Every structure is written in C-alpha cells, then in structure tokens.
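Q: Just passing along the structure, written as structure tokens.
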Amino acid sequence: MRPVAAAREPDTRREDARTGRRVLRQALRQLWRRKVALLGVLMVLGAVICALFAPVLAPHDPNAQQVQLRLLPPFWMEGAHPAYPLGTDHLGRDILSRLIYGSRVSLTVGLSAVLIAGGIGTAAGLAAGYLGGAVDDLVGRLGDVQLAFPFTLLALVVMAVLGTGMGKTIAVLGITGWVFYARVLRSEVLALRERDFILASRALGNPGWRTVLRHLFPNVAGTLIVLATLEVPRVIITESALTFLGLGIQPPTVTWGGMLADARNYITTHWWVATFPGLALQLTVLGLNLTGDFLREILDPRLNS
C-alpha cells in the first residue's frame, strides 16, 4: 500500500498545480472584464512600483532644500521649472520626489501593521471559534473593551504616551487593529467546526492544533486575504492622520501625512503643495478598496453563486 500511496502523491500535487493555474487564469479573465477592478489593481501596482524603485524613479533628493526655488508651480502654469514638474514646497523640495518616497512609507506602514493585526486577530479568532468556552469569552471581552474606544482616538492616546516614530506607529496600528480579524474569523470557524471533515479529523485522533492548521485555516485564508486588503487603506489613512497631527512619523522621513501637515498654511495661496499628496493618498486608498472588492467577489463563494 505504501508504494501505491507514494505513487499517488505526485499525481495529487500535479492536479493541485493544474487547479491553481486554472483558478489564476479565471481570475485574470474576470479582472480583464471588470475595468473598474482593473483600474484599482493598476493604481496599487503603480504605488508598489514607486515604493520599490523610489531611488531610481525620484528625480531629486526628497529632502534637498533650495529656498530660492520655493513654491514653484506645476509644469503647466506660468513660472514653472522643467526640473520640477509638480512644483516645489515652501522649502524648495521637489514634490514629485517626495510623493514617490512617501508611497514607500505609506505602504510599509500599511502592510506591516496589517500583518501584525492579522496575525494577532487570526490566532485569537481561530482559538475562540474552535475552542469556545472560556477562551471565546476572553477574546470577546477583550474585543469589547477595545471597541469601546474609537480606533483613531485609541491610537492617538497610545502614540501620545509612547512617543513618535515609524516603528512605534506600526506597532500601535497593528496591536489596536486585531479585533476586526478576530471577530470575522471566529464567525467563520463557528460555521466550519461542525462540518464533516473537521469531525473526521477529530475522530482520527488528530490534535487540535493540527486540525486548525490543516483544515480550518486553509478554509478561512481567502477571507483573511480579503480582510487584509480592505484594512490596508484604513491603516494608511490613520497613519497619515497621526502624522498630520504630529504624533506619527517625524521628519526627515517623507510621508504623505507629513506633506499635508507642511502644506496646511499654503492651501489657499499655493494649492499644489497640498493637492498632490492628497491625490496620491486618495488614489492609493481607492485602488486598494477596488482591489479588495474584487478579491472578495473572487474568493467568496457566496458572492460567486
């Protein structure tokens, strides 16, 4: 029997590989048909490219100050400088270069905080849903306590106590964002734990951790991916708000929130200083939301049906 099982294992792997390629092709075809979703993916892809290749794409040092070139307008306005297509800010720094480097910070903070929040929330949700009882009650009470405080207000208070910096901002946004994942995954696990394949795993004597990792987690992974995609925009907006208020990432690190904070005194006189970082933030968040909606439609069988 062992040689037969060993012979069947490569066939199973090849079948899984073919199934994965077929699902990928179907997803790409649906993406091509849905132009709005495709636009969102292209927005996200553009932000990722800017973040990865910022030193190559940025025409200037984002922190280089040239006071004699301060507040230059964009290229289509009178008085523009060809070396600064989107103009300069109040210290003569190139806005385009700062936008490109700002995408690196925003995506780093967003993805890192979501990984932390998703990890904590996934562990808590799986444990609460599968074990139930006292563990479920504990996770639920902790979630209720945290949800009693608005997310942004809680982040503001914690940042005011701990201090500023990128690492602290990521940690605060990650630790305060786990409840959403925990509650959604708990409900998913409650619907799955009495299914036949879970009961069969228990009947075979598999320990609880093996059942959770091998059978439950793969069935909620799609939901987790969708949640993470939808949470990244919220984290990016919160980071920008914290930085705007002076409690997030501090100079000389370039952030879109910091650019908006620097531009608040020039909104009525030199509109481009605030408009371009605001547009970059808005388009990135919009692209992430559209991508998340597309993934939700693809991965959620209830919507597909």
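Using the three backbone atoms N, Cα and C, a Cβ is placed for every residue, glycine included.
Note that the structure is predicted; figures quoted are calculated from it, not measured.
What TrEMBL records for this protein is below:
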DOMAIN    103-292  domain 'ABC transmembrane type-1'
TRANSMEM  36-58  transmembrane segment
TRANSMEM  109-133  transmembrane segment
TRANSMEM  145-163  transmembrane segment
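Mind mapping these onto the model and telling me what they sit next to?
A: Sequence-distant contacts of the transmembrane segment (109-133) (same chain, six or more residues past either end, CB-CB distance under 8 Å): 139-140, 142, 166, 169-171, 173-190, 193, 208, 211-212, 216-217, 220, 224, 227-228, 231-233, 235-236, 239, 249.
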Q: Quickly jot the same-chain residues contacting the transmembrane segment (36-58) by Cβ under 8 Å, restricted to those at least six beyond its ends, or write none.
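A: The answer is 94, 96-97, 99-101, 103-104, 106-108, 283-284, 286-291, 293-294.
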